[in-house]
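First the structure, in the form of structure tokens, and then the observations on it.
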Amino acid sequence: MDLHNIREDYSKQELSQANCHADPIQQFEQWLEEAITAKANEPTAMNVATVLDGKPTSRIVLLKEVNPNGFVFFTNYQSRKGQAIEQNPYVALTFFWAELERSVRIEGRIEKISAEQSDNYFASRPYTSRVGAWASNQSQVLSSKSELVAKAALIAAKHPLHVPRPPHWGGYIVLPERIEFWQGRPSRLHDRICYRLVEGAWHKERLSP
């Protein structure tokens with residue numbers, strides 16, 4: 001399959017160091033809001049990269065909160081990503097908003113949020129999603145799809161109204177140490193503005209594309 005001629009030339013916007021916020025979290029919130037306004041497809045979807053036994057792996061997860069401390073998502077703690085995080089508590093996140101020709105890369109340490117925070121979010125989820133969190137042994141081999149459906153039915157019968165949060169399911173927060181904003185530009189002369197956390201303060205610099 002020859003893919004040599006598949007390419008795009010980016011020209012929608014530019015990114016200057018002077019116009020970026022001093023705080024990268026604020027800059028991210030601005031870009032995320034613009035992605036939502038532009039009706040970007042799945043604007044909160046992000047690639048979460050982890051390392052397990054020295055081997056990288058990645059998957060798409062939905063961002064559920066951004067606050068001054070970092071970026072929050074929820075998952076099964078016993079999943080492959082959960083095992084990787086337990087072994088190596090450093091991850092990388094990547095957002096890509098094709099409609100705006102933009103990308104954001106985030107690197108940092110990850111830790112669990114409080115049980116209370118996880119309880120509150122879990123209670124806000126649709127009933128079927130709460131049932132699914134119990135039914136799925138995430139990342140484990142299934143003999144068939146019917147096995148999963150049957151298990152979900154048993155959980156629903158056991159908890160027809162209130163579904164408690166599984167102890168193996170909850171939230172993580174990524175505490176950023178490096179955040180890079182990428183804006184596509186013509187002739188591959190892209191804009192890259194990088195923030196690095198140095199002794200508690202953010203340092204902003206332009207990188208070569």
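The backbone N, Cα and C atoms fix where each Cβ goes, and this holds for glycine too.
Swiss-Prot names R59, I60, V61, L62, L63, K64, F74, T75, R80, K81, Q138, S139, R192 for binding FMN. Of W182, W202, the residue it gives for the same site is W182. Put simply, F74 is the one of the binding-site residues F74, R80, Q138, W182 whose Cα lies nearest to the Cα of K64 (substrate binding site). On a Cα basis, D9 (substrate binding site) lies 28 Å away from V61 (FMN binding site). The maximal spread of the FMN binding site, taken as the longest Cα to Cα distance among R59, I60, V61, L62, L63, K64, F74, T75, R80, K81, Q138, S139, W182, R192, is 36 Å. In this structure the alpha carbons, written CA, of R80 (FMN binding site) and H190 (substrate binding site) are 34 Å apart. Here the C-alpha separation of R59 (FMN binding site) and R188 (substrate binding site) works out to 27 Å. Under the DSSP three-state reduction, R80 (FMN binding site) is assigned to helix.
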